[in-house]
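J.: Sharing a structure, written as structure tokens. Questions coming.
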Amino acid sequence: MNGTEGNNFYIPMSNRTGLVRSPYEYTQYYLADPWQFKALAFYMFFLICFGLPINVLTLLVTAQHKKLRQPLNYILVNLAFAGTIMAFFGFTVTFYCSINGYMALGPTGCAIEGFFATLGGQVALWSLVVLAIERYIVVCKPMGSFKFSSNHAMAGIAFTWVMASSCAVPPLFGWSRYIPEGMQTSCGPDYYTLNPEFNNESYVLYMFSCHFCVPVTTIFFTYGSLVCTVKAAAAQQQESESTQKAEREVTRMVILMVLGFLVAWVPYASFAAWIFFNRGAAFSAQAMAIPAFFSKASALFNPIIYVLLNKQFRSCMLNTLFCGKSPLGDDESSSVSTSKTEVSSVSPA
């Protein structure tokens with residue numbers, strides 16, 4: 001056995017040397033050098049300083065500008081709210097614990113941090129799924145002439161919270177549990193042990209199949225169909241330069257969206273699956289911490305991809321930041337209307 005299981009924790013190191021100590025009571029500098037904990041704290045501070053303001057600004061700008069409160073934008077606001085939860089309740093705890101070198105808030109604090117980090121991450125993940133489905137419905141029109149309304153948008157948001165809760169809540173009530181992971185300064189579901197008391201095995205199988213495989217399949221299908229539809233429409237209007245430009249923009253955005261999703265979740269899910277199917281195998285605390293870096297970074301690059309690259313949101317943000325006077329003048333506003341025209345022309349009639 002290459003790990004040590006204790007009361008609500010698992011350390012990826014054998015206790016034959018007698019070095020292993022509870023991550024709730026003692027610094028974990030035997031797992032990694034102190035500077036690595038400080039580097040992790042700096043990384044979390046970076047995400048807090050940049051991720052939290054971008055997500056909060058998205059919420060503020062949407063509240064200030066009525067034209068942003070359109071049904072197709074609701075899910076972007078939900079995505080920003082999820083990022084805010086991750087940054088405020090998750091990143092701040094990891095920052096504090098990394099500075100101290102151990103899970104300084106104890107088992108209860110670990111469970112709370114693990115819950116909010118998982119909830120925010122899952123809301124963000126399912127928001128990307130709903131966003132992909134919404135765009136698929138609007139552009140590909142699988143249901144014919146379908147009017148996307150506020151009720152549909154709110155149903156999509158409710159769906160993200162139901163799915164996220166079905167993943168984040170069970171460990172609080174005995175189906176799996178939240179324990180320190182990586183360098184023992186942040187918490188997540190228990191992938192590491194086969195403790196029958198918590199039915200970890202069934203929970204991990206459920207989480208991997210329902211909360212990773214299903215989203216990946218859905219995103220690849222919907223965005224793949226969207227690109228094919230846009231390319232087919234552009235091929236029928238080859239004489240239109242605006243249509244060709246819109247097709248290229250849509251393709252680039254889809255590639256960015258899919259890559260962003262894969263970068264955020266594939267490393268974490270893959271390593272967690274490897275741990276699950278190789279119980280007792282040797283791995284370092286840093287090896288588990290690195291994939292978590294990518295999933296946490298989604299709170300920063302999701303709003304960049306989905307909000308800051310959205311011309312309408314970007315224009316309103318600049319107006320808000322510069323007190324109603326965008327430094328880009330009228331160009332940005334005009335590009336918004338142009339973008340709308342291009343997208344509608346690419347969409348099949």
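All positions are counted from 1 along the displayed chain.
Heads up, the Cβ atoms here are built off N, Cα and C, so glycines get one too.
Straight from Swiss-Prot, here's the annotation block:
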DISULFID  CYS110-CYS187  disulfide bond
CARBOHYD  ASN2  N-linked glycosylation site
CARBOHYD  ASN15  N-linked glycosylation site
CARBOHYD  ASN200  N-linked glycosylation site
TOPO_DOM  1-36  topological domain 'Extracellular'
TOPO_DOM  62-73  topological domain 'Cytoplasmic'
TOPO_DOM  100-113  topological domain 'Extracellular'
TOPO_DOM  134-152  topological domain 'Cytoplasmic'
TOPO_DOM  177-202  topological domain 'Extracellular'
TOPO_DOM  231-252  topological domain 'Cytoplasmic'
TOPO_DOM  277-284  topological domain 'Extracellular'
TOPO_DOM  310-349  topological domain 'Cytoplasmic'
J.: Give the nonlocal contacts of the topological domain 'Extracellular' (100-113) in its own chain as ranges (CB under 8 Å, at least six residues past its ends).
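T.: Same-chain residues near the topological domain 'Extracellular' (100-113) but 6 or more away: 8, 23-29, 34, 37, 89-90, 93-94, 171-172, 177-180, 184-187.
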J.: Consider the glycosylation sites ASN2, ASN15, ASN200 and say which one has the Cα lying nearest the Cα of CYS187 (disulfide bond).
T.: ASN200
J.: Taking every protein chain shown into account, which of the disulfide-bonded residues CYS110, CYS187 has the largest tally of Cβ atoms within 10 Å of its Cβ?
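T.: The largest 10 Å Cβ neighbour count belongs to CYS187.
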J.: On the three-state reduction of DSSP, what should I expect for ASN200 (N-linked glycosylation site)?
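T.: For ASN200 (N-linked glycosylation site) - judged by DSSP and reduced to three states - the answer is helix.
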J.: Mind checking which residues reach the topological domain 'Extracellular' (277-284)? Cβ under 8 Å, same chain, six or more beyond either end.
T.: 1-3, 12, 31, 192-194
J.: Out of the recorded positions ASN15, CYS110, ASN200, give me the one sitting nearest to ASN2 (N-linked glycosylation site) by CA distance.
T.: ASN15
J.: Let me know the most crowded of the glycosylation sites, choosing from ASN2, ASN15, ASN200 and counting other Cβ atoms within 10 Å.
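T.: Checking each of ASN2, ASN15, ASN200, the winner is ASN200.
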J.: Quick one: pull the CA-CA distance for CYS110 (disulfide bond) versus ASN200 (N-linked glycosylation site), whole Å only.
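T.: Just about 17 Å between their Cα atoms.
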